[in-house]
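A.B. asks: Straight out of TrEMBL:
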- 109-127: compositional bias 'Basic and acidic residues' (COMPBIAS)
- 131-144: compositional bias 'Gly residues' (COMPBIAS)
- 2-75: domain 'Sm' (DOMAIN)
- 79-144: region 'Disordered' (REGION)
Amino acid sequence: MLPLGLLTAAQGHPMLVELKNGETLNGHLVNCDTWMNLTLKEVVQTSPEGDRFWRLPEVYIRGNNIKYLRVPEEIVDLAREQQQQQQQQHRHHAGYDGQRGGRGGPHHRGGDQGGRGDRGDRGDRGRGRGRGGGGPRGRGRGQS
């Protein structure tokens, strides 16, 4: 299971975040993004020594400052179930439909829907050579 999948499943649930500087933050996950930046609400921040505490309404944590996250076990189970459901849905939709081709349907590439050759309407002339002449490789030192 990927960490971002776990974090998205943990939204709205409590978690503990330890930062690289030793501080810990306990709160409810409000939001997370692809860089693992987090927003927590109803936060209790603890100093690295563990002797001072602050209560904060909301905290934004940049992902590269996070050392580790502690998430309740039931959230891990929930994320695992969600991942399995998504895989089953994906398998159901990606089933074989009896036709050839990858993208299927009219106006799509792949399969035997069109007889245009490779791409576009160049037929069997290959990939095209830009605006220059049809010479061997490049222009070289002189035009012949």
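Each Cβ is built from the backbone N, Cα and C atoms, and glycine gets one as well.
Caution: TrEMBL annotation is automatic and unverified by curators.
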A.B. asks: Report the mean pLDDT of the predicted model across the domain 'Sm' (2-75), rounded to a whole number.
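C.D. replies: When the pLDDT values over the domain 'Sm' (2-75) are averaged, the result is 95.
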A.B. asks: Just give the helix, strand and coil counts over the domain 'Sm' (2-75), going by DSSP.
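C.D. replies: Counts, helix then strand then coil: 13 helix, 38 strand, 23 coil.
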